[in-house]
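Asker: Residues annotated as domain 'MARVEL' in TrEMBL: 49-176. What TrEMBL records for 54-72, 84-103, 123-142, 149-172 is transmembrane segment.
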Amino acid sequence: MDNISRFVQLPRIYEGRDCSCSSGSALGPGAGAAQPSASPLEGLLDPSYPRTQAALLKVAQMVTLLIAFICVRSSPWTKNYSAYSYFEVVTICDLIMILAFYLVHLFRFYRVLTCISWPLSELLHYLIGTLLLLIASIVAASKSYNQSGLVAGAIFGFMATFLCMASIWLSYKISCVTQSTDAAI
């Protein structure tokens, strides 16, 4: 975990939390030294999370992915069945995963499931999902044959790709840090 933390700045929601797998309780953000006996289930719902920047980005991603899926699904297309099936599978899988991470943050499941590195799993999901969504949108745009529903689906796919990249950029701030070689001679 230490090697990863040098290159990836964790979102504020995970700061001060033990990300290792243990039998103790992880109190999560907002838990201070004044509450040593707080249980992981105390305050399960986070009422302030839906107003955060990360939550609003997730909602925008889910809406654009749903619109992209509906546009492609409702379009009459007979050619390139595999290209649009791929687009549909990628958009729905990405939408389900973003919804799952939204619920993890909303209901603070990261407090209960401490064996999972939530920041790393969300980062990997966004990296892989964004790449697959970009590929699916490019394929859908190139095979649209000027049908308005397919073009709209591809455009919303590109918008969702941009929102996913913005989420990666704003949440994780990946930086390349060179190690210093201050060797005493």
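Positions of Cβ are set from backbone N, Cα and C atoms, glycine also.
Unlike curated records, TrEMBL annotations are generated automatically.
Worth saying up front: this structure is predicted, and the values here are computed from it rather than measured.
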Asker: Under an 8 Å Cβ to Cβ limit, what residues of the same chain, 6 or more beyond the ends of the transmembrane segment (149-172), are close to it?
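Answerer: Distant contacts of the transmembrane segment (149-172): 8-11, 53-54, 57-58, 60-61, 64-65, 67-69, 71-72, 74-77, 84, 87, 91, 94, 119, 122-123, 126-127, 129-130, 133-134, 136-137, 140-141, 143.
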Asker: Mind checking how the domain 'MARVEL' (49-176) divides into helix, strand and coil residues in DSSP?
Answerer: 105 helix, 0 strand, 23 coil
Asker: Where does the mean pLDDT land for the domain 'MARVEL' (49-176)?
Answerer: 91
